[in-house]
Amino acid sequence: MPSRYLNFRCSVPWLILLLILLLEILFLIRFLFSLQDVSDIYSPFFFYPEFQDVSHMVIFGFGFFLMVLRRYGFSSTGFNFLLIVLGVQCSVLVEDLLVFLNAEQNGSGLISLAKAVMSTTAVVISAGAVLGKANPLQLIVMTLVELIVFHVSRCINRRYLMVRDSLPLMHVHLFGAYFGLAVASRFPEAPPGLDKNRSTPQSDLFSVLGTVFVWVFWPSFNSILAESKNEAVLNTYFALAVSAVTAFMLSALTSKDGKFRMTHIHSAVLAGGVTISYTAQSIQQPWIAMILGLLGSVITILGSHCLQRCFNPALKLQDTSGIHFTFGLPAVLGAVAAVVLSFVENGIDMQWNNLSSLGFFVFVDLAAFCQTISAALITGLITGQYGNIPGISLFPWSKFLWVNYLW
């Protein structure tokens, strides 16, 4: 057996076994301390269909969505599933710890599980930035670090910045995109002549299939924890529909031969769902959601041109799956739109008389945005840097970064 597979055999299975034992012990402690009422574990059951939609979106949708590279199709789907099942358990335990410390509100079992599944979306998005660069050991450690930091960041937004309940969890796209970019920036570039950052028609087909899965189930993702579910579903669907139409239009206009480019469509049709996620339940007029979907698709396609040609080489950003312009930029646009709409809505309620209170609302939303993106970038840089320091690294197999470990 080659040495690289011996390294894999002697590291990853034992790390997974250690994590399983540790998680079992922690869940036993959780049960003994009764951090949650037994009567709430399976309630409310009517919540399950939406939870099932979100699970399909995260597992099937993002699993196929990341099948962009020709050499990493099995890795993207396999690693995606591994990271999700580990990340959900970790998220549940971290949230229970915050509840135990009175830093988070307790919820029913299924709602807590839904929050955990939604939190792992950050991990899946970050994995798209390091696809083909990180080995399974690095991905697992990155998952644990990212979920812990994301829960702490969410707790800061809710407890100290007094952000309304549903908004901190919607920062998952913003956090996942910039955490993944920060981690990927510390990895070495691909050796010359090693052409693995290339797609094939088959990989593009599966990737578009994943995009369709994510597109279909995104209204459930944005509305599962919303108080106004009808508004959240309608606004999300309208934003997604407009972003999809805009994606086809701009793809034909920006391509040299005037044809549709699946690279554009693959990314831009989801921009509306990311952009509207912050304000899906608060928008009362569908035309506002449609405008946000239009702007999200525009910024995604234009960002794919500018970032890949200008900013990525200059800043040495390695974005394998294009998560920056697929999730990062639309999330920034959505956060800015949330600040503007909150300012307008609160100004109408206060009849524009108390400008100091309006300034406070704007400050809170901007502070939550800055805190989230700062936490993602700083911890991502530390995680990526620590994973590539010779001698003290937790990942001594970094020389095999470009080996497909799973199959």
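For all residues, glycine too, the Cβ spot is worked out from N, Cα and C.
What TrEMBL records for this protein:
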- 46-384: domain 'Ammonium transporter AmtB-like' (DOMAIN)
- 12-33: transmembrane segment (TRANSMEM)
- 54-73: transmembrane segment (TRANSMEM)
- 79-101: transmembrane segment (TRANSMEM)
- 113-131: transmembrane segment (TRANSMEM)
- 168-185: transmembrane segment (TRANSMEM)
- 205-225: transmembrane segment (TRANSMEM)
- 232-253: transmembrane segment (TRANSMEM)
- 287-307: transmembrane segment (TRANSMEM)
- 327-348: transmembrane segment (TRANSMEM)
- 360-382: transmembrane segment (TRANSMEM)
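Here the transmembrane segment (113-131) touches the transmembrane segment (205-225). Their Cβ atoms form 3 or more pairs under 8 Å, with each pair 6 or more residues apart. Computed over the domain 'Ammonium transporter AmtB-like' (46-384), the whole-number mean pLDDT of the model equals 83.
Here the transmembrane segment (54-73) has Cβ contacts under 8 Å with residues 80-81, 84, 114, 117-118, 120-121, 124-125, 127-128, 131-132, 196-200, 202-204, 206-207, 209-211, 213-214, 216-218, 220-221, 224, 266, 320-322, 404 of the same chain, all six or more residues outside its ends. At the 8 Å Cβ cutoff, the transmembrane segment (360-382) and the transmembrane segment (232-253) share fewer than 3 close pairs (sequence separation 6 or more) and do not count as touching. Tertiary proximity for the transmembrane segment (232-253) is limited to same-chain residues at least six positions away from its ends with a CB under 8 Å from its CB atoms, namely 215, 218-220, 222-223, 226, 259-261, 264-265, 267-273, 275-277, 279-281, 283, 286, 288-294, 296-298, 300-301. Fewer than three CB pairs closer than 8 A are found between the transmembrane segment (287-307) and the transmembrane segment (205-225), and contact between the two stretches is not assigned (pairs 6 or more residues apart).
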